[in-house]
Amino acid sequence: MLSRKGIIPEEYVLTRLAEDPTEPRYRTRERRARFVSKKGNCNVAHKNIREQGRFLQDVFTTLVDLKWPHTLLIFTMSFLCSWLLFAMVWWLIAFAHGDLAPGEGTNVPCVTSIHSFSSAFLFSIEVQVTIGFGGRMVTEECPLAILILIVQNIVGLMINAIMLGCIFMKTAQAHRRAETLIFSKHAVITLRHGRLCFMLRVGDLRKSMIISATIHMQVVRKTTSPEGEVVPLHQVDIPMENGVGGNSIFLVAPLIIYHVIDSNSPLYDLAPSDLHHHQDLEIIVILEGVVETTGITTQARTSYLADEILWGQRFVPIVAEEDGRYSVDYSKFGNTVKVPTPLCTARQLDEDRSLLDALTLASSRGPLRKRSVAVAKAKPKFSISPDSLS
């Protein structure tokens, strides 16, 4: 149970997670295609790749990038092909030496107990997997057989090393750690220190920390140059703030990351009406750091489209002090509350600061103050008489 420091009146908290109840839940218009999905996957399809042989120049990375069924199928076929190949070699050695001839031979065979291709295949498996049943063995009669034995052992060790390394890299990939790095479903634009700010919340569900965590943000939109060139995915970096300055964050508890919308911001001319009609705006957020337990660099990504940005709302507090420690209520991670915010662009607010003064005056006379006065004048429903205490 959280302390009273984290309690907010229920009528000022949205019942649906970071969603405007005045807007329809389902939109009929077509949404803009995402460049980065909410889970961090890049929505890009590569087509007509001519030089596909470049993928074979880095076989290990190609195997790691493949899906599990494809990777397991490749290693299974590698073992089967190597066993069959060396089984054919052992059968040819026995055939050339005359070990497959019927009857009792007086000559010492190259490999004992090989009488057919099946026995040669079993011997190939015993050599490469080092089972060592003992029924078949290489003799000193054929130096070529000794050389093939050495080569097959080396090939088997190489396949095992590549398979174990690939499986380890696939199970310890950085995106596994990113599954517990969460972002708020919606972003908000509201006032902070008299300036319009773009805000989002980020948190880490694990107790193991992300070392040297940094956060970056980019605005992706369709633009046209003065020469008439259309750039469908024009990326612009914008600075983020976390309360202490810089992009580095100490992610021991959920943080609200914000960007001050100033004259250098690509959101300087963004108005509330653009959030419902602006189809070419996408804000990508990238959180990167080193996993404390494994030392592997991980990266978590998400994006916000125009209709996923809430104007005039603020994230509710979720960190409260309780019993000498801080507790985090993740059930309110994406909850927002409406706050007075000017319905104009940041440029208009900078040019006319009287809009902010009028907003401050209107908020001081708002229903929130009247409600607090009414609550203060309300009489308690229960009273304790002095006689009951004696």
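Easy rule for this one: first residue shown is 1, then count along the chain.
Cβ coordinates are placed from backbone N, Cα and C, and glycine is handled just like the others.
Summarising the annotation, Swiss-Prot assigns topological domain 'Cytoplasmic' to 1-66 (among others). Mean model confidence for the topological domain 'Cytoplasmic' (1-66) is a pLDDT of 65.
Here Swiss-Prot flags 67-89 (among others) as transmembrane segment.
Remark: secondary structure over the topological domain 'Extracellular' (90-120) totals 12 helix, 1 strand, 18 coil, with classes taken from DSSP. The topological domain 'Extracellular' annotation in Swiss-Prot covers 90-120 (among others) and rests on a large-scale study or a structure entry.
Under the heading intramembrane segment, Swiss-Prot lists 121-131.
Counting residues 6+ beyond its ends, the motif 'Selectivity filter' (130-135) has Cβ neighbours under 8 Å at 112-113, 153, 156 in the same chain. Among the features that Swiss-Prot reports, motif 'Selectivity filter' is placed at 130-135, with the record citing a curator's inference.
The K(+) 1 binding site annotation in Swiss-Prot covers Thr130, and the record cites experimental evidence as its basis. When other Cβ atoms within 10 Å of the Cβ of Thr130 (K(+) 1 binding site) are tallied across all protein chains shown, the result is 10. In the three-state DSSP reading, Thr130 (K(+) 1 binding site) counts as coil.
Taken from Swiss-Prot, the feature topological domain 'Extracellular' covers 132-142 (among others), and the record attributes it to a large-scale study or a structure entry.
Per Swiss-Prot, K(+) 2 binding site is recorded for Phe133, and the stated evidence type is similarity to another entry.
Positions annotated as transmembrane segment by Swiss-Prot: 143-167 (among others).
Marked as topological domain 'Cytoplasmic' by Swiss-Prot on the basis of a large-scale study or a structure entry: 168-390 (among others).
The secondary structure of Thr341 (phosphothreonine), as reduced to three states from DSSP, is coil rather than helix or strand. According to Swiss-Prot, the feature phosphothreonine maps to Thr341, an assignment based on similarity to another entry.
The phosphoserine annotation in Swiss-Prot covers Ser385, and the record cites similarity to another entry as its basis.
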Long-range Cβ neighbours of the transmembrane segment (143-167) (under 8 Å; 6 or more residues past either end): 60, 63-64, 71, 75, 78-79, 82, 86, 89-90, 93, 110-111, 124, 127-130
Outside the topological domain 'Extracellular' (90-120), six or more residues from its ends: residues with CB under 8 Å to it: 135-139, 141-142, 144-145, 148
Neighbour count (Cβ, 10 Å) for Thr341 (phosphothreonine): 19
Rounded to the nearest Å - Cα separation of Thr130 (K(+) 1 binding site) and Thr341 (phosphothreonine): 74
